[in-house]
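The compositional bias 'Polar residues' annotation in Swiss-Prot covers 1-16. The feature region 'Disordered' is assigned by Swiss-Prot to 1-23. The disulfide bond annotation in Swiss-Prot covers Cys3-Cys24, Cys17-Cys41, Cys43-Cys54, Cys55-Cys60.
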Amino acid sequence: LECHNQQSSQTPTTTGCSGGENNCYKKEWRDNRGYRTERGCGCPSVKKGIGINCCTTDRCNN
């Protein structure tokens, strides 16, 4: 599986997921600098107030 892994509004980059990982995620939240976005492999649990979208196809998390 190939997932996007750039932060916030950086130029899109991708990474190959290892260990049989079959999810990509896009996590979004707001802090004192504005809206933040994190992307990567897996589907982590998140704290209240953080939005997450997990998906299972190549580059689905942009």
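Positions of Cβ are set from backbone N, Cα and C atoms, glycine also.
This view paints the features noted in Swiss-Prot onto the structure.
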| residue | record | Cβ contacts under 8 Å, 6 or more apart |
| --- | --- | --- |
| Cys3 | disulfide bond | Thr14, Thr15, Cys17, Cys24, Tyr25, Arg39, Gly40, Cys41, Asp58, Arg59, Cys60, Asn61 |
| Cys43 | disulfide bond | Asn23, Tyr25, Ile52, Cys54 |
| Cys55 | disulfide bond | Asn23, Cys24, Tyr25, Lys26, Asn61 |
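The most densely surrounded of the disulfide-bonded residues Cys17, Cys24, Cys54, Cys60, judged by C-beta neighbours within 10 angstroms, is Cys24.
Cβ-based neighbour count (10 Å, all protein chains) for Cys41 (disulfide bond) stands at 21. The helix, strand and coil residue counts that DSSP assigns across the region 'Disordered' (1-23) are 0 helix, 6 strand, 17 coil.
When secondary structure is read from DSSP and collapsed to three states, Cys54 (disulfide bond) falls in the strand class.
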